[in-house]
């Protein structure tokens, strides 16, 4: 029996040291509050060791006062670390800010109650701690279920939220057995210690999975940002190219338009007029394309500013409807005050940037 007991507690504290060491290493490396909360929750293992008398057994009876102080101090701290860990697991600061503030108040009260040790009302302090925790346990259960229903947490985190109440119930049974309310049994007394190791190992696994998911999300965000930057650079160079091509097209197009106007001054047959109209429409289409390229470059530029000037309304309308003139089957009639008007008719004056509108 003694051999089995020694083997069990060796395994228990060995697993506790490994879990606490991993949590501390991850907390330093990743700088996550959840991992620091696990490190603080690991202070319960020295409490278990002190309750079993290991400090006195290892270092002699001279350390007995220190052992007693460890039991008193860490018993109070354990409640605060459990509340803090629950808040970090469920990210209550983000999901339920008011509950997070209440837990911070309870944690602050737990820290203040440390003065009960030298002032001699430690028993009352433990009763206050137990009362706070027994009230908080069902509240934490209900809020955990509410967060799961709101899909703010996953099922793994919800199951993890059930562990602190189990820890509270097991600790309560241990206290009842110590005070003789229920028959003392070593298994009942040790249940809260088993729940403690299961709790921290489970939290550590969930924390590692959560950190891995956060890192994957961060990598995806960085990849999307990099792809977006590449797309912006490609779009910038494309606009530059289109703007350059548009500028280069304008000179020959101006020559073609001037040549067409000169040809129309000469008498032409019906066949020649039809061909000249086709050439005029094609030239107009290219002019519109170059203007659209230049306007797109202006709209996409970071230094976009509207060059507003007085412009007649009718020329702007006809310029914007140039595509109608390019069609053989569509016509545009504009009426102003009941009369059909053309681009050269008198019209209202607007203070606009006609280049961007057309």
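Cβ atoms are placed via backbone N, Cα and C, with glycine included.
As annotated in TrEMBL, transmembrane segment covers the listed stretch 130-148 rather than the other ranges in 130-148, 225-243. Listed by sequence, the residues of this chain that lie at least six past the ends of the transmembrane segment (102-124) yet keep a Cβ under 8 A from its Cβ atoms are 69, 72-73, 76-77, 79-80, 83-84, 86-87, 92, 132, 136.
Residues 9, 12-13, 16-17, 19-20, 23-24, 26-27, 67, 70-71, 74-75, 77-78, 81-82, 84-85, 87-89, 193, 196, 199-200, 203-204, 207, 210-211 of the same chain lie 6 or more positions beyond the ends of the transmembrane segment (34-54) yet place their CB under 8 Å from a CB of it. Residues 33-34, 37-38, 40-41, 43-44, 46-47, 50-51, 55, 96, 100, 103-104, 106-107, 110-111, 113-114, 116-117, 122, 125-126, 129, 132-133, 136, 140, 143-144, 147, 153, 157, 160-161, 164, 167, 203, 206 of the same chain, all 6+ positions outside the transmembrane segment (69-90), place their C-beta atoms under 8 angstroms from a C-beta of that stretch. Residue counts for the domain 'Signal transduction histidine kinase dimerisation/phosphoacceptor' (237-302) under DSSP, split into helix (H, G, I), strand (E, B) and coil, are 59 helix, 0 strand, 7 coil.
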